Amino acid sequence: MQWIEAAFRSSPEDIDALCERLTALGAEGLVIEDEADFRRFLEQNRQYWDYVDEELESRYRGVSRVKLYVEDTPEGRAQLAAFTDGTGLEPECRTVADEDWAESWKQYYKPIEIGERLLILPSWEPIPEAPERLVLRLDPGLAFGTGGHATTRMCLEALEKYAGPEKFVLDLGCGSGILGIGALVLGCAYCAGCDVDPKSPESAAANAKLNGIRESIYKMYTGDVLADAPLRAELGAGYDIVLANIVSDVIIPLAPLVPGFMSKKGVFITSGIIDGREAEVSRALEAAGFEITEHLHQAEWHAFVCKLA
């Protein structure tokens, strides 16, 4: 089926009134694209990223509009006319194809070889009959963490060197669970994961199930480790490996807390550090009592492997 996309331009201060007017005329499923809302969202959530992609910035630059969709049929065009004829509203219209949006995104996710031993396999891909690598199955639509980003790749590559039997792992900011599950696939004995996103435990548990991981060796927690002392106590201590693939503005205040989670000979693997922030993060790690033993760099991202000095 074909659809007509009608985009109504507005000023930021008039966009709410435009939505009310279209709703009063019977329009449903309105899509609001507004630079002011976009900027507000970025400002309110700036702790979760260090930069915003230029393509995304340009998409919302100077934009203030409301979109709606009707079927590209005589009935749909009549419906659109009811929203515009005699109202003074003049939308920009274009025809768009009906796609299976719930499935089309899968074309962008392919099997990924990481390091010397791992193969990240999207959940819909068949498992090779005789895989030469350890297979980590993942549903990348559930939460952040697909294996394709440089930060995740560097963490997994470092993890290959340190994972092993009887090792306990703590994954801070676990997202989809890819790092903690990767540790278990690589032979670690137990992993605890924690994330501020309340959806993360469900996503990570689903991905763990895809890999046949028992609940007894993979436990999830929800909360803010920085602010929640009881949560830190519940997570416990003595971990052989602590993972944190987040952003610099979280890693820096987290650094003094990480030694409390680690065994004396444990390692801390952290990434999510954009170019230009690596020196600041390394200073924070050293001030927290760490010695940086490895500095990895891919594209514009950095990762550190640390041990207690």
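Just so you know, the numbers here start at 1 and follow the chain as drawn.
Backbone N, Cα and C define each Cβ position, glycine as well.
Bear in mind that TrEMBL entries carry predicted annotations, made automatically and left uncurated.
Of the residues proposed, G115, G173, G276, the one TrEMBL records at the same S-adenosyl-L-methionine site as T152, D195, N245 is G173. Using a 10 Å radius centred on the Cβ of N245 (S-adenosyl-L-methionine binding site) and all shown protein chains, the other Cβ atoms total 27.
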